[in-house]
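Below is one structure, written out as structure tokens; comments come after it.
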Amino acid sequence: MAQLLAKIMIVVFLSLVVLNAVCFAQSCFQCNDGPCISFADTCNVGWQCNDGSDEACCPDCPQSPCC
């Protein structure tokens, strides 16, 4: 059982590493809750990230919370 759990943890970890590498390789923005979106979809007054992180720290919107 412990070996199975260790294998699952390794697969999950490697999956996250690969997903992050793809996100950065494509010059995308990674939402705080995980998904990657195009930089063009950030700071456009619409939430593409479920957590709204794509609208945080926008220079044109002083009401946005700072990072």
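Using N, Cα and C of the backbone, Cβ positions are placed for all residues, glycine too.
Keep in mind that TrEMBL annotations are predicted by a computer and have not been checked by a curator.
As written in TrEMBL, here are the features:
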type: SIGNAL; residues: 1-25; note: signal peptide
type: DISULFID; residues: Cys31-Cys49; note: disulfide bond
type: DISULFID; residues: Cys43-Cys58; note: disulfide bond
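Projection of TrEMBL feature records onto the structure.
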residue: Cys31; record: disulfide bond; DSSP class: coil
residue: Cys43; record: disulfide bond; DSSP class: coil
residue: Cys49; record: disulfide bond; DSSP class: coil
residue: Cys58; record: disulfide bond; DSSP class: coil
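Of all the Cβ atoms in the protein chains shown, 17 others lie within 10 Å of the Cβ of Cys43 (disulfide bond). Sequence-distant contacts of Cys49 (disulfide bond), defined as residues of its own chain at least six apart whose C-beta falls under 8 angstroms from its C-beta, comprise Cys31, Asn32, Asp33, Pro35, Ile37, Glu55. Cβ-based neighbour count (10 Å, all protein chains) for Cys31 (disulfide bond) stands at 19. Its Cβ placed at the centre, Cys58 (disulfide bond) has 16 other Cβ atoms within 10 Å.
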